[in-house]
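Taken verbatim from Swiss-Prot:
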- C6-C20: disulfide bond (DISULFID)
- C10-C22: disulfide bond (DISULFID)
- C15-C27: disulfide bond (DISULFID)
Amino acid sequence: GSAIACGESCFKFKCYTPGCSCSYPICKKD
């Protein structure tokens, strides 16, 4: 739910950082 990056990249799949979701190509806080 925010534009804050989580420091993890993703390719359409889940993010492993807690509280983060995939917003290709990076994970962002929900």
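Note: Cβ is positioned from N, Cα and C throughout, glycine not excepted.
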Whole-number Å only: compute the distance from the Cα of C10 (disulfide bond) to the Cα of C20 (disulfide bond). 11
Tell me which residues of the chain lie with their Cβ under 8 angstroms from that of C15 (disulfide bond), as long as they are six or more apart in sequence? C6, E8, S21, C22, C27
Within 10 angstroms of the C-beta of C10 (disulfide bond), what count of other C-beta atoms is obtained when all protein chains are considered? 19
Would you identify which of the disulfide-bonded residues C20, C22 has the most other C-beta atoms lying within 10 angstroms of its C-beta? C20
